[in-house]
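Participant: Just dropping this structure here.
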Amino acid sequence: MQPTNSEKFTEKVWEAIYRTQEMYKQAQQQQIETEHLMKALLEQDGLAISIFNKLAVPVDRVRDRTDDFIRRQPKVSGSGTSVYWGRRADALLXRAEEYRKQFEDSFISIEHLLLGYAQDSRFGKALLSEFRYPDEAKLRNAIEQVRGNQKVTDQTPENKYESLEKYGRDLTQYAREGKLDPVIGRDDEIRRTIQILSRRTKNNPVLIGEPGVGKTAIAEGLAQRILSGDVPQSLKDRKLIALDMGALIAGAKYRGEFEERLKAVLKEVTDSRGNIILFIDEIHTVVGAGATQGAMDAGNLLKPMLARGELRCIGATTLDEYRKYIEKDAALERRFQQVFVDQPSVEDTISILRGLKERYEVHHGVKISDSALVAAATLSTRYISDRFLPSKAIDLVDEAAAKLKMEITSKPEELDEVDRKVLQLEMERLSLQKENDAGSRDRLERLERELADFKEDQSKLNAQWQAEKSVITDLQKLKEEIDRVNLEIQQAERDYDLNRAAELKYGKLNELNRKVEETESQLSQIQKSGATLLREEVLESDIAEIISKWTGIPVSKLVESEMQKLLQLDDVLHQRVIGQDEAVTAVSDAIQRSRAGLSDPNRPTASFIFLGPTGVGKTELAKALAAFLFDTEEAMVRIDMSEYMEKHSVSRLIGAPPGYVGYEEGGQLTEAVRRRPYSVILFDEIEKAHPDVFNVMLQILDDGRVTDSQGRTVDFKNTIIIMTSNIGSQYIFEYGGDDDRYEEILSRVMEAMLSNFRPEFLNRIDEIIIFHSLQKAQLREIVKIQTHRLESRLARKMSLKLSDAALDFLAEGFDPVYGARPLKRAIQRELETTIAKEILRSNFTEGDTIFVDVGETERLEFKRLPSEVLTTQ
């Protein structure tokens with residue numbers, strides 16, 4: 001039978017036949033024979049390999065023997081153009097045709113060819129007898145295991161064979177191999193799932209909950225219970241297989257191919273007569289999956305089986321996606337019974353983390369302290385509001401352990417510093433060896449001695465690092481071995497091989513535990529010596545550090561240097577904001593309370609209204625605070641309330657409502673705080689905003705949160721809210737620093753506030769702070785601050801010095817009505833302009849010191865000071 005018509009063969013067989021035409025030419029042989037066809041079949045990642053695997057025949061060795069057989073055949077020279085099929089290859093195809101008829105298939109497939117090899121006296125029998133190949137009955141049995149009850153009705157039958165192996169993951173097998181993490185708690189949800197699965201019809205639970213609460217973990221917990229036999233009789237010895245919708249859709253090129261694959265999966269499940277339970281994670285993906293014009297989607301293919309109880313299916317999806325996809329399809333929704341999976345409490349999360357602790361310790365090769373687990377649960381609840389427990393707490397522990405593992409395997413900082421110093425000294429030595437003068441030789445001798453000392457330190461530190469790393473690595477290997485032995489013990493107990501279980505439990509496991517104790521004592525001795533380079537335990541501070549990296553919130557415990565810094569906050573703010581003692585003290589007290597952990601965790605860190613005339617330092621104090629907390633003024637979120645004068649502009653703060661332009665972009669305020677939850681928010685000139693804006697402010701000030709247009713809760717609990725206003729500034733201006741009239745002025749200002757803002761808004765503010773109008777005595781300090789800023793802008797390494805007379809001259813720019821802002825204009829006009837012109841004329845150059853004084857003409861004079869004058873001053 002010459003293969004001339006591709007329509008008789010499946011695609012894979014025709015590909016193999018086509019490939020043999022190249023093979024026999026490459027091998028320089030006379031004709032195509034059965035060995036060439038076998039090699040072509042083994043090159044495919046297809047059915048031949050699956051059948052050999054079922055028979056426990058090593059595929060690599062079959063491939064090697066086939067290559068050897070081809071090499072031993074006689075070669076011919078010359079380049080013939082015709083393709084010749086050998087007599088035995090022709091006979092093989094004829095036998096395959098007979099098997100096709102026996103199987104009642106429409107096309108010759110790979111399994112028909114393999115059956116034909118059992119009767120090939122030249123190559124097939126010689127090859128298969130070497131591997132003690134079973135008789136034809138066993139070969140047929142292996143083929144039936146792979147094919148199931150499928151018939152070859154099209155040219156791509158392989159898509160339907162072993163569909164569940166291709167498109168699914170056996171969770172019960174994963175549990176048997178110890179690849180699933182232990183599931184702690186969730187007993188009610190697992191029991192409810194089992195209850196629904198035990199129904200006669202519509203026995204399909206769907207797990208609904210927020211992302212990260214543990215929906216998939218419930219399915220894994222059920223797989224572990226099935227394995228341990230802790231389920232009702234109706235679920236004993238069942239298989240739980242997770243369907244991979246991505247794999248099912250991927251590569252389905254032709255119309256109807258996806259439906260064929262899914263039908264093959266469903267046929268395998270129904271043919272198992274209830275032995276297989278299907279788990280579809282992200283079940284909303286079946287709605288519309290694979291649907292093209294006029295084709296059915298996966299959801300519609302599932303519906304009949306789900307309703308009749310032929311298919312037991314567990315689904316999992318989030319609340320939003322369930323509402324968006326499943327609820328719209330009422331026929332699909334009624335076939336599923338809902339199981340709500342709530343977020344676990346902090347206490348339950350700590351229990352879950354304790355259950356997972358050993359797995360993460362073995363994986364990362366580090367120890368995890370219990371305080372770190374408690375910190376992960378409590379700190380993630382407080383500071384990471386847009387994610388859910390236990391996922392966010394587990395991620396924290398995982399990342400902290402990974403960070404510590406990275407530090408263990410990387411070179412320690414002390415050793416790295418010594419290595420760099422040795423490299424630097426060696427480079428200096430090479431340079432000095434080229435010099436011949438006496439001074440260089442003396443320096444070389446001293447350098448040699450210094451280098452010898454550093455090299456000695458280097459070798460000691462290196463030896464210590466390697467010793468510590470070796471002990472920690474040994475400990476990890478021992479723990480991995482204990483994990484593997486525990487898995488073997490569980491397997492032996494399930495198989496009732498009690499002798500093996502006892503041998504492992506009381507022999508090998510005890511020996512490994514003893515070695516672990518010895519290694520741990522060895523490590524603790526190294527650590528007690530105080531000279532340790534590596535740390536191998538994840539602590540609470542590591543968790544706090546990861547949270548700080550995720551959110552930008554300084555969660556870590558206060559170290560000595562930061563305590564000192566916070567105590568000096570009052571002084572730091574006073575250096576920038578002159579003459580506003582009450583305001584500075586109130587703000588610094590709020591920050592100190594927050595960082596010491598005493599502020600109310602359910603409200604913003606602090607909220608202030610700064611009242612006062614223009615130019616007295618209201619905005620400057622907010623900038624100074626942002627610079628202190630974040631080292632940059634740019635970290636302040638500034639909202640100019642003059643932009644929110646219209647009623648509709650409220651939507652710009654929290655995002656446009658659905659259907660409006662900009663809905664996807666979110667709000668200016670909410671997005672800024674979501675990206676940076678620890679920030680100073682300045683609402684500048686709040687009296688200019690529309691009254692409706694303050695409705696949004698109420699919940700921010702009271703509960704420390706607001707819901708944006710997308711339905712996300714944005715957390716303001718770690719923000720400092722500062723609002724500035726000019727209301728009542730005329731009364732403050734009248735006050736003029738007279739302490740006797742302060743109470744009277746305060747009551748008049750509050751009356752003005754009540755006439756502009758509602759009481760419920762003012763009642764939520766922590767403190768309303770009045771900024772006094774500036775006095776002439778404070779102006780010289782402000783001028784100094786402004787000239788220091790000018791000096792920092794002189795990017796040409798120039799210095800600026802002003803005489804007392806020059807400072808007083810610039811202070812004349814003060815106007816009590818406009819505050820300190822006219823000073824800026826005076827400095828710009830009198831100082832900056834002249835210096836700029838002198839630089840352009842090259843009168844001042846890099847390294848100069850510019851001295852400014854008042855001349856006889858009552859104008860500022862600029863001089864360049866020589867360096868000797870500077871040294872005598």
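Cβ atoms here come from the backbone N, Cα and C positions, even for glycine.
Relevant sequence annotations retrieved from Swiss-Prot are reproduced here:
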{"type": "DOMAIN", "residues": "6-149", "note": "domain 'Clp R'"}
{"type": "REGION", "residues": "9-73", "note": "region 'Repeat 1'"}
{"type": "REGION", "residues": "85-149", "note": "region 'Repeat 2'"}
{"type": "REGION", "residues": "162-343", "note": "region 'NBD1'"}
{"type": "BINDING", "residues": "G209, E210, P211, G212, V213, G214, K215, T216", "note": "ATP 1 binding site"}
{"type": "REGION", "residues": "344-552", "note": "region 'Linker'"}
{"type": "COILED", "residues": "394-528", "note": "coiled coil"}
{"type": "REGION", "residues": "562-773", "note": "region 'NBD2'"}
{"type": "BINDING", "residues": "G612, P613, T614, G615, V616, G617, K618, T619", "note": "ATP 2 binding site"}
{"type": "REGION", "residues": "774-873", "note": "region 'C-terminal'"}
Participant: Could you find out if DSSP has K215 (ATP 1 binding site) as helix, strand or coil?
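Facilitator: In three-state terms, K215 (ATP 1 binding site) counts as helix.
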Participant: What is the number of other Cβ atoms found within 10 Å of the Cβ of G214 (ATP 1 binding site)?
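Facilitator: 28, counting other Cβ atoms within 10 Å of G214 (ATP 1 binding site).
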Participant: Select the closest residue to G212 (ATP 1 binding site) from the following binding-site residues, measuring between CA atoms: P613, G615, V616, K618.
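Facilitator: Result: the closest of the binding-site residues to G212 (ATP 1 binding site) is K618.
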Participant: In this structure, which of the binding-site residues G209, G212, G617 has the fewest other Cβ atoms within 10 Å of its Cβ?
Facilitator: G212
Participant: Spatially speaking, which of the binding-site residues G612, T614, G615, G617, T619 is closest to P211 (ATP 1 binding site)? Use C-alpha to C-alpha, please.
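Facilitator: Considering only the listed binding-site residues, the nearest one is T619.
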Participant: Which one is it: of the binding-site residues V213, V616, which Cβ has the fewest other Cβ atoms within 10 Å in this structure?
Facilitator: V213
Participant: How long is the line from the C-alpha of G615 (ATP 2 binding site) to the C-alpha of E210 (ATP 1 binding site), rounded to the nearest angstrom?
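Facilitator: It is 49 Å, counting Cα to Cα.
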Participant: So how many of the residues in the region 'Repeat 1' (9-73) end up helix, strand or coil by DSSP?
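Facilitator: Grouping H, G, I as helix and E, B as strand yields 48 helix, 2 strand, 15 coil.
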Participant: Could you check the binding-site residues P211, G612, P613, G615 and say which one's CB has the fewest neighbouring CB atoms inside 10 Å?
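Facilitator: So among P211, G612, P613, G615, the binding-site residues given, the one with the fewest Cβ atoms within 10 Å is P211.
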Participant: Within 10 Å of its Cβ, which one of these binding-site residues (K215, K618) has the largest number of other Cβ atoms?
Facilitator: K618
Participant: Using only C-alpha positions, which one of G209, E210, G214, K215, T216 is spatially nearest T619 (ATP 2 binding site)? These are the binding-site residues in the record.
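Facilitator: Smallest Cα separation from T619 (ATP 2 binding site) among G209, E210, G214, K215, T216: E210.
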Participant: For T619 (ATP 2 binding site), list the number of other Cβ atoms lying within 10 Å of its Cβ atom.
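Facilitator: Looking across every protein chain shown, the total is 18.
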